[in-house]
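One structure is given below, encoded as structure tokens.
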């Protein structure tokens, strides 16, 4: 399942493997309990086999009833807002397992049934943050439990009580592989013959399903749970050793080769679905038309049965189990909300980032949104340029008002620089050319001037005062000479 999820195989194949894995484990536990009862008898008769089949049906139905009752109870309680929905749902699911096991029924089947009802109805009563927390906790617990399982396998391998029986171990492995292949191919043939699935299961997909039958947690747990009082120690050690050998072969040899086989056999992968209202509306319209055609011709099939259960679910079940019941066609509104959210996020990013965000939208919507984003970015870029020019001009003029520029000009003969004096002048007439050609120099000059200290400013002001004194003395000298001349 992990390999299927990482590669992204077709959802139909993934859910077939998921459902087979869950219910196969539940049925295995039931059969293990039934076979354990045969250990007390010296021989197995036809009557005992019939009793075992009856016990199988009773255990399965009882576990399903427990799961349904506790799942409905969880939905009703979460229908009214509380502050511990996450802990409550996890506790109810685990309670279904404990209760089913205590009553002698299948705790795993009860747990699966309760979880299916919670996922279908109770999750709708949770807030978005609570639902995300619940799924994160479940994922983390799953990883922890898998680590514990492989830790248990390692501990059992280091025990000295293992007994290696070559022929028994090889026949056990071969029997597991052959029986797995027979069951998968026979059931797939039945499904394809009577069109019980939406699409047929190809031979390559059947081979992958048969090849992917990895034995792990349940097999080792059942081998350890064998009652040592009813079997000899050597038999018990042989069972545990054979189980460990099968687990190591299927997980260590068949598991790593699963990914290359999926690519070599060209297993159908999941196609990326675009977020399109037209696609969803077409799918719903085709379903309704197919159900209507079956009703007109009087031949009721899968589509009519689906429509009947959908109406039953919307009219009675959802209103009883959910706080705010949602209809089957509410998925159309969810698609619209998802599209609106994607477009909003794309409008807040650059055109390059918006392209990756909108990759799941239809091409026409992407083109329109790109045009709007480009126009918006061009307008904002022009506005930023205007603001930058205005800010640079304002800061430069402010600096030039506070400081004076000293002009060093050469005399008429081209000799060394001669100070003509300090002149105050305005750069207003030259400002457009300066901003257009030397914007970077202006900004660097303003930053340097802003970092000057008061002592530097006083040092710049001293030559100005001395020049003014010299001008005053020169004016007084000219006046005195004029008076003498008169």
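From the backbone N, Cα and C atoms, a Cβ is placed for every residue, glycine too.
Where the annotation comes from TrEMBL, it is an automatic prediction and has not been curated.
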Pick from 170-191, 280-301, 302-323: which range does TrEMBL record as transmembrane segment?
170-191
Between the ranges 127-146, 147-166, 207-226, 327-346, TrEMBL assigns transmembrane segment to 207-226
Which range is it, out of 21-48, 49-76, that shows up in TrEMBL as transmembrane segment?
49-76
For the transmembrane segment (49-76), the candidate among 88-121, 170-191, 207-226, 238-258 having the most Cβ pairs under 8 Å is 88-121
